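*Asks:* Copying in the features that TrEMBL gives for the protein in this structure:
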- 1-38: region 'Disordered' (REGION)
- 1-36: compositional bias 'Low complexity' (COMPBIAS)
- 44-135: domain 'Fibronectin type-III' (DOMAIN)
- 80-183: region 'Disordered' (REGION)
- 143-152: compositional bias 'Basic and acidic residues' (COMPBIAS)
- 165-253: domain 'Fibronectin type-III' (DOMAIN)
- 172-183: compositional bias 'Polar residues' (COMPBIAS)
- 202-221: region 'Disordered' (REGION)
- 248-290: region 'Disordered' (REGION)
- 269-283: compositional bias 'Basic and acidic residues' (COMPBIAS)
- 292-346: domain 'Fibronectin type-III' (DOMAIN)
Amino acid sequence: KQLPRPITILPPITAAAKQEETSLPSEEPETEATSSDAQAARAVLGELTVSSVTPNSAQLQWSVPEGSFDSFTLQYRDAQGQPQALPIDGGSRSVTVPGLSPSRRYRFHLYGLRGGKRTDHVSTDVVTDAATPEQLPLPSEKPQPEEDHKPEQPQTEEADQGQAALGKLRVSSVTPNSAQLQWSVPEGSFDSFTLQYRDAQGQPQALPIDGGSRSVTVPGLSPSRRYRFHLYGLRGKKRTDRVSIDVVTADPEDLPPPSVDTPTEAPTAEDHQTAHPHAEARPSEAPSGRAVLGELKVSGVTPNSAQLQWSVPEGSFDSFTLQYRDAQGQPQALPIDGGSRSVTVP
């Protein structure tokens, strides 16, 4: 006889068991997401610092004290205000930003990315250096005899280079806030020049000048102060000659306030020309009538400077002078050579 198969009776599935069974799979993704968030939270950016700066670039560096990032993005606005983004691989801890403009403030934002999402952010401000052909050490400011224009070392370098020599550096005009210098090149030629001096705060300044120039106006000086200027002649980016001069800026009271003279004289001239035609006998106005200034326009403006331009539709002028009052109400005068048709007021 065949025995009947044993029957196994299983306990009934309760509602609690069903709920436990269905809830387990859905908890795993939640646990993974929580773990992923925790890992992302553990990736932290350190401080963003400036390691070096030039007139046209800035090198930034940072640390990642905790965790790691897949990549970074550096964001900033260029000199024209356009947004720029620089992608950086996750293993980098420094970056060089090229294509910047001299003497300009930039704000850089560094983002750390994980899985294509930004998870941390640090920022810093950078001011680029002034435009110079190369970073030259500022010469000694010790007093030297007026005739000591060419030190022995530059003369030795000049002997090696040969053919290029700087003439004496002279002052052609001076105001309370500027000085116009001129020089000659009696022998040979230079690729460029650099004028170096220390400002009123003792900070070194360098003004690049093209090789064809024989004069320069130095703006932004302080009244009644002595400055020592050093002009370098460069060939192949190397200094080959140097001349120096001491200049004392003028006292502000030596100049008439610009806002007083001009409005007073202009109506007087018009009155003579309209109501009294015979008044053209004033001899001083006859020659100047042949040279006419065009409209003065603004070609560029920043928070700290303005660029102006003008034309001379008739005749010519020996020179120009731009006068204005600064933020403190003090009169300022900027001398400009007669061939110029624009000026930047710093």
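All positions are counted from 1 along the displayed chain.
For all residues, glycine too, the Cβ spot is worked out from N, Cα and C.
Small disclaimer: the values here were computed from a predicted structure and weren't measured.
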*Asks:* Could you count the residues of the domain 'Fibronectin type-III' (165-253) that DSSP puts in helix, in strand and in coil?
*Replies:* 2 helix, 50 strand, 37 coil
*Asks:* Quick test of the contact rule: Cβ under 8 Å, at least six residues beyond the ends. What residues does that give for the region 'Disordered' (202-221)?
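*Replies:* Beyond its ends, the region 'Disordered' (202-221) has Cβ neighbours at 130-133, 136, 138, 172, 176-185, 189-196, 227, 229, 234, 249, 334-337, 345-346.
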